[in-house]
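Data block below; observations after.
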Amino acid sequence: MMQRQFRVGRIRARHVLLAAVALLALFFYLAAPHGAPPESVRLERLMNGPRPGARRTKTTPLVSNSSFDWSTVNFTYPAPVPLRQLPAGRPVSLPPVQHNFARESPAEAKLREERRQKVKALFQKNWASYRKYAWMRDALQPLSAGYKEQFSGWAATLVDALDTLWIMGMRDEFDEAVEAVAGIDFGRSSSFSVNMFEVNIRYLGGLLAAYDLSGREVLLTKATELGDLLYAGYNTKNRMPVDFIDFEGAKSGRGLLVEGSVVSASPGTLSMEMTHLSQVTGDPKYYDAVSRVMDVFAKGQAWTKIPGIWPIYVSMRTEDVTGGSFFSIGGSADSLYEYIPKMHALLGGLEPKYEDMSKAFLETANSTFFFRPMLPSEDDLLMIGTASVNDNGTVILDPESEHLGCFVGGVYGLAGRLFRRPDWVEDLGAKLTHGCIYAYRSMPTGMMPERYNMVPCASRDSCAWDERVFDEEKKKRPEWAPHLPKGFTTAKDPRYILRPEAIESVFVLYRVTGRPEFQEAAWAMFEAVSNGTATEYANAAVLDVTKAEYPLPQEDYMESFWLAETLKYFYLALSPPDLISLDEYVLNTEAHPFRRPKAARMPHGPL
């Protein structure tokens with residue numbers, strides 16, 4: 001009994017301390033004079049300047065601890081020479097992405113800051129548990145306080161969350177994590193093979209973003225080591241990447257065999273990280289490698305069965321990206337599409353193919369995948385389906401939506417600004433994002449299922465609710481259940497696994513439009529998610545969000561993207577807009593911000 005009282009006392013003391021910190025942060029924010037430095041400047045001073053109270057003594061630089069030098073591998077299939085160079089010239093003056101925000105009122109700032117500090121407090125709880133129970137492991141198990149290795153055993157959660165620590169101003173924790181990164185050995189792996197896609201977006205993306213933000217040289221050293229490891233995945237006869245690197249085979253330099261078929265997102269989501277590694281190191285080999293891959297996609301774009309978009313499955317072995325009959329902008333294909341307009345921004349508009357590819361897929365996706373759902377409220381919003389092409393060449397829409405597709409509203413918001421298409425922002429970006437918001441708020445738990453079906457309207461212009469049509473459609477779906485909200489004919493996968501895609505688009509649309517409704521939606525989503533996924537130690541995936549039977553059934557599962565993406569996007573959606581401005585950074589698919597090249601700023605105004 002006394003032990004329990006002591007534990008409760010410690011928890012209460014921690015809550016009091018967190019509240020005091022939040023109030024102190026709020027005080028300084030509200031007390032700041034009109035001409036005070038913006039948050040991004042103050043944060044950089046806190047995180048990158050001399051530590052408060054530290055003696056001005058020379059410190060020993062951190063030294064990498066890798067047992068193998070991947071840059072020394074002698075490839076059977078070296079890259080053709082000369083290597084392709086990064087596009088040269090002064091970056092194009094791209095249009096502003098972010099809304100020109102007015103100064104907040106004291107009441108608005110107070111409410112927003114109180115909410116933001118609650119997001120930070122939840123992250124701190126999760127980080128403390130990871131630090132205590134799973135330090136230097138890939139992932140914390142949030143129910144058992146155990147750990148698991150998922151991606152080669154290189155502390156995926158730690159590396160993935162580095163930039164979140166920086167963005168949230170957690171200097172002590174960030175410094176400790178950077179020191180730990182120096183000790184990661186990329187010469188050894190907990191698995192026989194390395195997943196190119198996951199290691200690229202989580203590890204390489206995390207290291208590069210943390211380096212961009214902090215300037216810590218050891219992070220660039222480790223990013224280069226990892227880039228050289230991933231570069232070994234291009235040691236193939238046609239210089240196309242493998243999906244999984246044979247770890248020991250790659251060390252020997254012998255040629256690797258490209259898989260016969262892979263999902264399109266895997267080779268299509270290597271471009272940003274390797275390009276940015278070339279940008280910060282000056283070594284063109286990384287850009288050269290991914291540029292050749294994207295040329296394959298560019299050449300095949302107009303020749304697929306739905307010209308403008310690519311099938312879910314492609315072959316890098318035969319360089320065939322046109323032959324498949326199944327198409328999606330969600331899972332298995334998502335980040336291929338996400339990276340194309342982002343590469344346009346990352347290269348400062350100097351590589352024309354990314355603008356051409358972006359415009360082509362954005363137009364085709366609009367006419368292929370998106371539908372207005374029939375709703376009792378008759379809300380004007382859009383959902384995201386998949387498509388197939390039958391033997392007659394007819395395109396068939398499947399109105400099955402998934403959480404992974406929710407990123408696409410943000411892509412239309414970003415691309416609408418970059419390419420001066422306001423209709424993409426309002427008619428598509430906002431409506432697609434509202435579709436995902438609707439899927440959250442419709443469920444009794446306030447969380448969106450992983451996968452579900454709705455009834456497509458015949459027209460986007462108007463769509464009256466028809467009970468008879470809904471009854472007919474739900475009878476066609478054996479997965480329909482009486483407890484589902486009206487409008488939903490299935491919840492094929494009723495889980496919520498801490499995914500970030502919906503809050504990602506909510507964040508982007510808020511920054512792009514400045515509309516308070518998106519910030520309010522972010523807060524409502526956070527309250528639902530933080531409540532339904534909470535565990536004693538952290539937050540866990542929920543097995544069924546369609547029934548509000550608390551405590552909700554949970555799985556001992558917490559991906560690194562919960563700290564790297566989901567909580568970061570909640571925090572940024574509730575932050576002053578200069579913090580990770582979308583006019584200064586472009587974020588990879590794991591929410592890691594890369595600095596955009598400098599160009600003359602264009603004025604805000606109509607596109």
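Placement of Cβ uses the backbone N, Cα and C atoms for every residue, glycine included.
Please treat TrEMBL annotations as automatic predictions, because they have not gone through curation.
According to TrEMBL, the feature active site, proton donor maps to Glu198 (among others). Sequence-distant contacts of Glu198 (active site, proton donor), defined by Cβ-Cβ distance under 8 angstroms and a gap of at least six in the same chain, are Gln150, Phe151.
Note on Asp334 (active site): other Cβ atoms within 10 Å of its Cβ, all shown chains, come to 25. Look at TrEMBL and you will find Asp334 (among others) tagged as active site.
Taken from TrEMBL, the feature disulfide bond applies to Cys406-Cys436.
Per TrEMBL, the feature active site, proton donor maps to Glu450 (among others).
Taken from TrEMBL, the feature active site applies to Glu501 (among others). Glu501 (active site): 27 other CB atoms within 10 A of its CB, across all protein chains.
Look at TrEMBL and you will find Thr589 tagged as Ca(2+) binding site. Thr589 (Ca(2+) binding site): 26 other CB atoms within 10 A of its CB, across all protein chains.
Checking each of the recorded positions Asp334, Glu501, Thr589 against Cys406 (disulfide bond) by C-alpha distance, the shortest gap belongs to Glu501. Proximity to Asp334 (active site), judged by a C-alpha distance within 10 Å, picks out Thr589 from the recorded positions Cys436, Glu450, Thr589. Glu450 (active site, proton donor) has a Cβ environment of 21 other Cβ atoms inside 10 Å.
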